[in-house]
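**Q** One structure coming up, written as structure tokens, with questions to follow.
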Amino acid sequence: MLFFNQSIFYPAVFFLTGIPGLEGSHAWFSIPFCCLYTIAISGNGMILFVIITESSLHEPMYYFLSMLSFTDLGLCLSTLVTMLGIFWFNAREISFDSCIAQMFFIHGFTFMESSVLLVMALDRFIAICNPLRYAMILTNSRIIKVGIAIVIRGTTALVPLLLLLKRLTFCRSHVLHHSYCFHPDVMKLSCTDTKINSAFGLAIVISTAGLDSVLILLSYVLIIHSVLCIASREERKKAFGTCISHLSAVAIFYIPMISLSLVHRFGKHAPPLVHTLIANVYLLIPPVMNPIIYSVKTKQIRKAVHKVFLSKLT
């Protein structure tokens, strides 16, 4: 009887979900997912490699880009084992403690990426609005401090959030809607009051991604105002051109994240396939697209990548 109570109120395992209704085709679905993971890991790894090895890229803008690639790599690796385990081996079980650990890394890297995008917006603001003081403001020591602050900000708030999750009891279905552990998804399975968890989780999202998005918007309002004051049309075009890659990265990060949050909050009656599709887009599209965007739109990165490939070929 004691074991029964423990299995109800403190679950030994949760069950992850692959593609609802298409379980028999998981082996085929693993092919595009493997391709996406390969592109994301190799692309972000290449960006990190060229920034570290090429002295011409040892500038604040590229240091921040390396932070973005690092967080994207972390997001991919946080779910690689569980997602491909479901598709290849139907390994749906995940222990409660492993689920907590995976949530820590997924949400931690998500909040860190939001912070990196904010810092990159501030970098563009300083470069365009105050170019003469750019090198004085963004020194190497300050960039290191910014990197440490991003890690601390992205992880410290998660510890109490996940500890609050561990106090909950679970007496409903232990089947999650995604192929990885996601805090709102796990919280919904609890049969106890989750108001504190919901309020604390919402406060964290507002104080991180919510605040970051507002400050990014404000930065670009100031950037646009400064650029429009430039007399030369060519200079205005050049200034806007330096922001295109970052604006694309912001869009592909925040749009899927907002969509997933809305589905969890208001889409209780949405088909399970919708939850799965948006969850996978939220997780994989930014790590896949960011290296492509910066390789195509940033001339210095493109040249460095070409140089690496040519050196390998010769």
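Positions of Cβ are set from backbone N, Cα and C atoms, glycine also.
As annotated in TrEMBL:
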- 43-294: domain 'G-protein coupled receptors family 1 profile' (DOMAIN)
- 27-51: transmembrane segment (TRANSMEM)
- 63-88: transmembrane segment (TRANSMEM)
- 100-122: transmembrane segment (TRANSMEM)
- 143-165: transmembrane segment (TRANSMEM)
- 199-223: transmembrane segment (TRANSMEM)
- 244-267: transmembrane segment (TRANSMEM)
- 273-293: transmembrane segment (TRANSMEM)
**Q** Does the transmembrane segment (244-267) reach the transmembrane segment (27-51) with at least 3 CB pairs under 8 A, where each pair is 6 or more residues apart?
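**A** In this chain the transmembrane segment (244-267) does not contact the transmembrane segment (27-51) - fewer than 3 Cβ pairs sit under 8 Å.
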**Q** Counting Cβ pairs closer than 8 Å, which of 63-88, 100-122, 199-223, 273-293 has the most of them with the transmembrane segment (27-51)?
**A** 63-88
